[in-house]
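Student: Submitted below is the structure of interest, expressed as structure tokens.
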């Protein structure tokens, strides 16, 4: 047996069946920790570094937004291929390599201006300084978005989806509490780290927490599926036999990626999630400047992430519980409504009404995001090609999230405000809300 295969053998360093609890619960905790570990590569973990990058590289806000767009979009285009690697390698190998790569990427970002300076004074001394700096930043954004928002998040979510079937929604919702709270608190925590130690040191600390820290935890705990471990799915919990005859929960066919993309429901769900990623990413990326545009202070708008996190957690629990009992398209309608409320509230409201729209809108849509995204693909399309399908889904989200900051930046540049992007997003959200009513589980049609 090759060293690589032995290192990742299912029984090394311990047999999953030998632990004191059903290993599905270990997977639920480890996968949730993995999703939290992706925060440095998420927009909400990048936005607080924007002002420092603008200052260190001497770029404009539009320049940084453009670099973010190109780097993120490029990373998104590669994710479908990464999803196929997940199907081939499994969760354990993927998470160790992805988290190690994310740590290296954060180390690069802490030195991005140094990399640009080295290129300016060396082989590329004859090139325009602007393009050298933009290129270095694009490369950095590509790395942290591909390995963070892309691979680390996708791998962790898919692993949980393989280990939990009948209770999948509840597990994602419970883990979603930790994920949404950590995501919502990240801007404030990272801002404190930057102010206390500096922006370079903040990224370097995160890199060390990922490698060797999280890499070792992931190698120890991650396992791809219950079958290879010789244990049952669903954490040993009782399964409701009535679900086997319910067309919403029964898997009749394992869809390939090509078959999944030909279904209306794939695009209905992907569109709502892509809009949420696009709009919230743009908002979070420019949150300090958006606050100034609304007449709010930096602390006031950052503090709104706290009640939003609380509502995220509550909504995630409720939606997760409901997702194991009802048709997912109804929950998608609720998510689209949250998107519309946040966008239209930012476009037309002020004062306390604006605060409520931000908290409730983003709280509802964010709470639905985590609970539904981990459930709908395994339920609608099966597990056999989950990596390939989820890779395409992740690609759509990442590309969508890349557009948001650029749209906000262009709106500010040409209209001197963010109003147009708010109301446009609200109108699109309402249109997608109506379309969500027809997003049925494609397995239902196969049982007729």
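Note that Cβ sites are derived from N, Cα and C of the backbone, with glycine treated the same way.
TrEMBL: automatically predicted annotations, no manual curation.
Look at TrEMBL and you will find 21-44, 64-82, 94-111, 131-148, 169-190, 202-222, 266-288, 300-319, 331-349, 355-376, 388-408, 420-439 tagged as transmembrane segment. As annotated by TrEMBL, domain 'Major facilitator superfamily (MFS) profile' applies to 26-443.
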Student: At a C-beta cut-off of under 8 Å, are there same-chain residues at least 6 beyond the transmembrane segment (21-44) that contact it? List them, or none.
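Tutor: For the transmembrane segment (21-44), the nonlocal Cβ contacts are 95, 99, 102, 105-106, 144-145, 147-150, 152-153, 155-157, 159-160, 163-164, 171, 174-175, 178-179, 182-184, 186-187, 203, 206, 210, 214, 217-218, 221-223, 226, 229, 231-236, 280-281, 284-285, 370, 401, 404-405.
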Student: Are there residues at least six beyond either end of the transmembrane segment (355-376) with Cβ under 8 Å to its Cβ atoms? List them, or say none.
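Tutor: For the transmembrane segment (355-376), the nonlocal Cβ contacts are 35, 157, 160-161, 168-169, 172-173, 175-176, 179-180, 183-184, 269, 273, 276, 280, 283, 304, 307-308, 310-316, 318-320, 323, 328, 331-332, 334-346, 349, 393.
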Student: Please work out which recorded stretch in 94-111, 131-148, 300-319, 420-439 has the most C-beta pairs separated by under 8 angstroms from the transmembrane segment (169-190)?
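Tutor: Looking only at 94-111, 131-148, 300-319, 420-439, the most contacts with the transmembrane segment (169-190) come from 300-319.
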Student: For the transmembrane segment (202-222) and the transmembrane segment (388-408), does the number of C-beta pairs under 8 Å, pairs 6 or more apart in sequence, reach 3 or more?
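Tutor: Between the transmembrane segment (388-408) and the transmembrane segment (202-222), which are separate recorded stretches, there is no contact, as judged by 3 or more close Cβ pairs.
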Student: Check for me, if you would, whether the transmembrane segment (131-148) reaches the transmembrane segment (64-82) - at least 3 Cβ pairs under 8 Å, residues 6 or more apart in sequence.
Tutor: yes
Student: Which sequence positions outside the transmembrane segment (94-111), separated from its termini by at least 6 residues, show Cβ-Cβ distances below 8 Å to it?
Tutor: 34, 37-38, 40-41, 49, 85-86, 139-140, 143-144, 147-148, 151-152, 155-156, 159, 199-201, 203-204, 206-208, 210-211, 214-215, 218-219, 222
Student: So, does the transmembrane segment (331-349) come close enough to the transmembrane segment (420-439) to give 3+ Cβ pairs below 8 Å, pairs being at least 6 apart in sequence?
Tutor: yes
Student: By a Cβ-Cβ criterion of under 8 Å, what residues six or more beyond either terminus of the transmembrane segment (64-82) are in contact with it?
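Tutor: Tertiary neighbours of the transmembrane segment (64-82) are 46, 50, 53-54, 57, 134, 137-143, 145-146, 149-151, 154, 257, 285-286, 388, 391-392, 394-399, 401-403, 405-406, 408-409.
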Student: State the non-local partners of the transmembrane segment (388-408) in its own chain: residues 6+ outside its ends, Cβ under 8 Å from one of its Cβ atoms.
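Tutor: The answer is 43, 65-66, 68-73, 75-84, 86-87, 145-146, 149-150, 153-154, 157-158, 255-257, 260-261, 266, 270, 273-275, 277-283, 285-286, 290, 373, 377, 381, 418, 421.
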